Amino acid sequence: MDKLMVEGGHALSGQVHISGAKNSAVALIPAAILADSPVTIDNLPLISDVEVLEDLLTHIGADVELAGESITVDPRSVTPMPLPNGKVKKLRASYYMMGAMLGKFKKAEIGLPGGCNLGPRPIDQHIKGFEALGAFVSNEQGSIYLHANELTGARIYLDVVSVGATINIMLAAVKAKGRTVIENAAKEPEIIDVATILSSMGAVIKGAGTDVIRIEGKDELKGCAHTIIPDRIEAGTYMIAAATMGSEVTIENIIPNHLESLTAKLQEMGVDVLVKDDAIVVRSNDHLKGVDIKTLVHPGFPTDLQQPVTSLLAKAKGTSIITDTIYNARFKHIDELRRMGADIKIEGRSAMVNGGLKLEGARVKASDLRAGAALVIAGLLADGVTEITGLHHIDRGYEALEDKLIGLGACLWREEMTDEEQDQLKSS
Ligand SMILES: CC(=O)N[C@H]1[C@@H](OP(=O)(O)OP(=O)(O)OC[C@H]2O[C@@H](n3ccc(=O)[nH]c3=O)[C@H](O)[C@@H]2O)O[C@H](CO)[C@@H](O)[C@@H]1O
Ligand SMILES: C=C(OP(=O)(O)O)C(=O)O
């Protein structure tokens with residue numbers, strides 16, 4: 001088991017290339033089994049969530065071939081084999097195997113998903129959607145059992161705007177008889193990406209990216225080729241790192257309007273942000289001021305950038321309040337930032353950051369993916385060396401994080417943990 005050592009104080013400059021979106025990739029790979037012939041997906045992020053999904057698809061009989069950042073899934077031998085806990089627990093998005101297998105086979109047996117521990121993450125809206133399409137759903141001993149005699153299109157109003165439920169219902173509904181309408185649907189760019197691949201397979205989907213999505217089910221879907229959109233959260237993480245430590249950093253291979261809410265907040269703080277066609281240039285300075293931020297569904301400020309941006313707010317002078325309206329317990333990074341000298345208090349769903357204090361390197365633990373990103377950014381800023389454990393969380397969602405940061409001039413490296421350190425980590 002490794003820990004990440006980050007030596008702070010090095011300015012960042014240069015270009016960083018952004019990978020394909022994790023939250024698209026993890027839906028597109030399960031979607032591939034809906035086709036009757038091979039599906040090729042390009043711009044694949046090389047992250048552990050993707051590796052686990054490849055294993056899950058292989059386990060159910062798909063022929064999966066990887067070539068660099070391209071994956072080809074031949075779904076012709078796939079069977080509705082149960083996917084119990086184990087690998088399924090390693091990521092959140094294994095829940096997309098429910099929608100995809102229900103659509104394909106009218107049955108599925110899948111362990112409850114894992115993913116970042118951000119407080120309660122129910123899947124009641126996914127289940128409500130599957131039931132509306134005609135599935136019988138039960139939850140026994142940590143697994144969800146789904147089966148349907150027939151899937152029939154339905155009108156489904158989501159009580160909570162949910163990315164996962166919207167996509168999962170789309171995956172099942174493309175194979176249902178007749179029309180499905182999802183109301184109060186999520187509008188994140190990854191939903192449009194899923195609609196695009198399903199449309200390339202021959203599905204008819206209208207309204208993805210708005211809060212009403214209409215789907216005409218099809219008996220057969222064909223193979224296709226698809227390129228994943230850039231990862232707006234990875235891009236946002238590098239924008240925040242650049243705003244924290246950058247002289248001039250260009251974030252390349254992105255769709256800038258996916259990042260408007262972050263761009264606006266950075267500008268409000270006094271960061272110079274130049275938006276180009278497929279890149280953003282971030283120039284920082286030492287006179288940043290604190291701002292208030294509220295996370296919202298897209299196109300609002302993404303909850304997945306709430307933790308990384310907290311490290312930047314710790315640098316900015318004055319008080320900032322950051323409120324997470326999506327997850328009320330997404331604050332496990334705060335204790336660790338405090339260990340590094342940050343002055344942050346939590347009140348309900350908000351963190352109050354008294355910024356402008358010096359941070360010192362410390363031993364800290366990443367409790368989840370974006371907490372890890374927050375600690376790396378704090379480590380870049382802090383005096384001395386920060387030791388970060390819990391790297392498996394970071395590896396779920398950031399391709400080549402160290403290489404990309406080293407390319408910008410940061411100083412960081414992995415070291416193997418001693419047996420004693422591993423024991424301490426397990427008992428903490
Ligand atoms: C793999 C993936 O794409 N993960 C993203 C996805 O997670 P995920 O799809 O799990 O998040 P949702 O959009 O579903 O969750 C939004 C909110 O709705 C609640 N909820 C959700 C479903 C449900 O059935 N019932 C319910 O109450 C959740 O607890 C949460 O408070 O969107 C989140 C919100 O943008 C992001 O943080 C995650 O990075
Ligand atoms: C919360 C996240 O991921 P997941 O939903 O996969 O746990 C994230 O990407 O920040």
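Heads up, the Cβ atoms here are built off N, Cα and C, so glycines get one too.
TrEMBL lists R92, R121, P122, I123, D124, Q125, D304 as binding UDP-N-acetyl-alpha-D-glucosamine, and of I71, I321, I322, I326 the one it places in that same site is I326. Selection of the recorded positions K22, N23, C116 by a Cβ distance under 6 Å from ligand 1 yields, in sequence order, N23.
Annotated pair N23 (phosphoenolpyruvate binding site) and C116 (active site, proton donor), C-alpha to C-alpha distance, rounded: 13 Å.
Remark: K22 (phosphoenolpyruvate binding site) has P45, I47, D49, V50, D231, I233, E234, R396, G397 as non-local neighbours, by Cβ distance under 8 Å and separation of at least 6 in sequence. Cβ-based neighbour count (10 Å, all protein chains) for N23 (phosphoenolpyruvate binding site) stands at 27.
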